[in-house]
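Read through the structure below, which is laid out as structure tokens, and then see the notes.
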Amino acid sequence: MSARTKRLKYNITELDHEFHYFIKNMSCRAVMRLPYTYRCRMATQASDCKHIINFFNYFRMMYCSIDIDDKATEVLFMLLFSFICVAFLWLMSFSIGTYYSPVLKIISLKLHMNEYLAGVTFLAFGNCSPEIIANLMPVRADAPIFTITVGNTLAIILLSGGTVCFLRPFRMNGHSTLRDLLFLLLGVEVLRFVMIKEGAVTLGEGIVLFLIYVVYVAINIADLALLRYYIRKLRRELEYLESLTPQPIKEINAKLRKLISWEEQDDIGIKDTTKYRRSRDTGNHFSNMTSSGYFVTPIPERRSEHVDYESNRTALYDSENPRNLQLFTEFLQSLNPVDPEAWQLGGWSNRIYLIARCPLVFVLQLFIPVVDYEKVKHGWSKLLNCTQIVTNPFVVITLVHSGVSSVYKSWHITLDFSVSMWSPFLTVPLAIVIFLHSRTDVPPSYHHLFIILTFFSSMVTLWLAVTELEVLSEIVGIVFNLSESFMAVTFEAVSNATPDIIANYQLALQGYGRMAFAAIIGGPVFAILVSMSLAFIFNHRVREVGANSWVYGDLGDNCYLFLVITIVTTMWWSATFNFHARRSAGVFLWLVYLQFLLYAVCVEWDLVHEFSRDQHFKPI
């Protein structure tokens, strides 16, 4: 049968081909202008709408499964999505505080890092790795990733930095802070040059950006090595001066003060956070921090006592105990989603909150092991941890494989067990061996290896929450007809920066202010240099001729200028305050971000013009 005969049989005309091409290239924002009766078909066929999904296809849920047919119902669903966003924010907060932060401390301790190096490497990587994954996902295939990345950087420095300075003033690492701010300025200037120069972005330019970050990390490692070299040298000098008769008291005291300052910078021990946890559980932690006044910088607290984590490990050990003493009692207590101490210390509102979060807490406890040196037995629960050896890889592999496969038969993703179904063949024998070898009253010597499971599962949890937040934010913007650039630098930037804010806020309140502030600067350096370089390397569309305009975005210059202002003013107030983080500095950072948001709103409402130049196209 000829092509002409087929066309006549199915009555396909050139208009049908044109309509098919129109739907394929139709923007998802245009779908929202159609009557509700047509939105289901258009949302499922428009390629642009197929990119705005992750584990749930919200457009198909709204316009096909539930069949929304009026504006009021649509607005009510946006309100429901807002509650879902709050749930995802809580999920990130709980995962960071319960699983990620304790693991980060242990890794830093095992690798003999100090707070600052741990902040600019592991904490920065953990905070920004979801951003790397998001930049490589279909939802950002055609997105203004320069605007998104720099907007996220602004949110991290101004919101997270302001929060840390306001809630827990501390002494900063002066030379390290200035050096990292200058590296951040270098990174954003190189990135902007790559974006605005003539021609397309090349693979070599992406590699250059990545190599700048390698140099940055190498300098931080060398700085720590030099610090420890001079600490050893200063100790030898003190030993020599103390051996003299008579002793030069003034010189010894001066060197002792310098030695104490350097040793404090080199400190990383596991700090006792009992006071913080109890004030959090009673709901008084914010009032306790502002007891001296909201805008009065309190005297920095003394260095927190370190936890004797070896005593915590063996606190319940007795060689005469049976190996499986209270096995099932311990298992049920570990699975209890309500924290008994928080329940006892909290009021009625806190108890309602503990009950409301029970389902999500229970699910996380089923497959994510707790490894925390502050807890008795470091969080070891023999039966639960042995089951998690099986459930953790199975759940993580299933989620990651399903996310990569992205197969949808309804409004949610189809879980793919084709790979994860084989994991029990390896993990079940391993769990049986560990069960037979271990005890209930003391964790085994290899318990710290469970941080591998904890780290990857918490990272997958954060990735899931961050990507769902971004998809929901974009859907809200589309429904209310807000531009993509505006959503990227406002709602999406704040949602993407939320894990950083939560992690840095919790670490600062636990006494790790230097680590938190190091991540506040190191995270943006990582995002600008690594996430953008990987996007240039692996996203071929970014390297196409003419892609610079949409990658840079309409608000790219706004974000760039405010970031330069932020870097310069942060160096200014840091030097002015002699590198003491004060509450006034936190308020100043918040006001800068408020000004940035105000300008973005005015641009969205066409009250002012953005800093970027108008696009001019040559006539064909």
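Backbone N, Cα and C atoms are what each Cβ position is placed from, and that goes for glycine too.
Quantities reported herein were computed from a predicted structural model and do not represent experimental measurements.
These come from TrEMBL:
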type	residues	note
DOMAIN	84-221	domain 'Sodium/calcium exchanger membrane region'
DOMAIN	452-600	domain 'Sodium/calcium exchanger membrane region'
TRANSMEM	75-100	transmembrane segment
TRANSMEM	145-166	transmembrane segment
TRANSMEM	178-195	transmembrane segment
TRANSMEM	207-231	transmembrane segment
TRANSMEM	417-436	transmembrane segment
TRANSMEM	448-466	transmembrane segment
TRANSMEM	515-538	transmembrane segment
TRANSMEM	559-575	transmembrane segment
TRANSMEM	587-608	transmembrane segment
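Contact check: the transmembrane segment (145-166) against the transmembrane segment (559-575) gives at least three Cβ pairs closer than 8 Å, residues 6 or more apart, which meets the contact criterion. Taking pairs at least six residues apart, the transmembrane segment (448-466) and the transmembrane segment (178-195) share fewer than three Cβ pairs below 8 Å and do not count as touching.
Residues 120, 146, 150, 153, 201, 205, 208-209, 212-213, 216, 219, 223, 518, 521-522, 524-525, 528-529, 532, 536, 548, 551-552, 556, 560, 563-564, 567, 570-571, 574-575 of the same chain sit 6 or more residues outside the transmembrane segment (178-195) yet have a Cβ under 8 Å from a Cβ within it. Using DSSP to sort the residues of the domain 'Sodium/calcium exchanger membrane region' (452-600) gives these counts of helix, strand and coil: 127 helix, 1 strand, 21 coil.
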